Amino acid sequence: RSNAKLIAPLGCLASRQKHTLPDLPYDYGALEPHINAEIMQLHHSKHHATYVNNLNVAEEKYKEALAKGDVTAQVSLQPALKFNGGGHINHTIFWTNLSPNGGGEPKGELMEAIKRDFGSFANFKEKLTAVSVGVQGSGWGWLGYNKEQGRLQIAACANQDPLQGTTGLIPLLGIDVWEHAYYLQYKNVRPDYLKAIWNVINWENVSSRYATCKK
């Protein structure tokens with residue numbers, strides 16, 4: 001009987017599709033002058049691609065460890081799954097959170113929720129910027145949705161820790177503050193990059209994520 005229980009999940013794993021690098025919904029140079037083409041190209045085709053490749057490798061090893069019942073190997077693979085899986089999840093959200101037609105302020109329900117939970121859009125912007133500037137080393141600043149409390153929340157995550165997997169908040173807007181996201185253009189002045197990124201935030205995407213998670 002215990003074998004039958006094992007076969008089902010392993011069957012799912014065996015037929016699992018490999019993760020792939022998503023296409024950008026715009027050209028590498030589309031976010032200029034706020035984020036230059038060289039950064040976008042390296043960030044997407046090199047950094048994100050590496051997370052995808054390493055995630056596939058880690059999942060393959062994990063599948064083998066499961067098949068062997070090797071719990072030690074399963075546990076030792078957790079950091080690689082978290083780091084590369086988080087990197088893939090985070091960047092997949094990030095690319096859609098940005099748009100050459102972005103900037104300005106959100107409308108409708110999202111704007112009402114921002115005013116309700118942060119007092120004003122300016123307040124919210126200041127808070128998310130401060131949290132993102134304050135990330136020590138590498139990480140992300142996030143606007144997330146707390147489903148239990150029915151409200152918006154700001155959070156920071158270290159490295160590539162995925163927001164939902166580590167805090168339970170549903171990700172709406174992520175700001176990547178790893179140096180590879182801005183160094184070629186803004187050097188070590190993270191606040192300048194954060195000032196610029198608000199010009200390319202895709203509020204339609206953030207709003208539709210908000211509408212979806214409220215259902």
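In case you wondered, yes, glycine gets a Cβ from its N, Cα and C as well.
Taken from TrEMBL, the feature Mn(2+) binding site covers HIS43, HIS91, ASP176, HIS180. Annotation comment: TrEMBL describes 18-99 as domain 'Manganese/iron superoxide dismutase N-terminal'. Residues annotated as domain 'Manganese/iron superoxide dismutase C-terminal' in TrEMBL: 106-209.
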Completion exercise
Excluding HIS43, HIS91, ASP176, HIS180 themselves, the Mn(2+) site's Cβ centre has within 8 Å the residues HIS44, HIS47, HIS48, PHE94, TRP178, ALA181
Fill in the blank from the handout: Quick note, HIS91 (Mn(2+) binding site): same-chain residues at least 6 apart with CB under 8 Å of its CB -> HIS43, HIS44, HIS47, HIS48, TYR51, ASP176
Problem - Per-state residue totals over the domain 'Manganese/iron superoxide dismutase C-terminal' (106-209) - DSSP helix, strand, coil - result: 54 helix, 24 strand, 26 coil
Exercise for the section: Pull the DSSP breakdown for the domain 'Manganese/iron superoxide dismutase N-terminal' (18-99) and write it out as helix, strand, coil residue counts. Expected result: 59 helix, 1 strand, 22 coil
Handout entry: Of HIS43, HIS180 (the binding-site residues), the residue whose Cβ has the fewest other Cβ atoms within 10 Å
Key = HIS180
Problem - Averaged pLDDT, computed only over the residues in the domain 'Manganese/iron superoxide dismutase C-terminal' (106-209) - result: 97
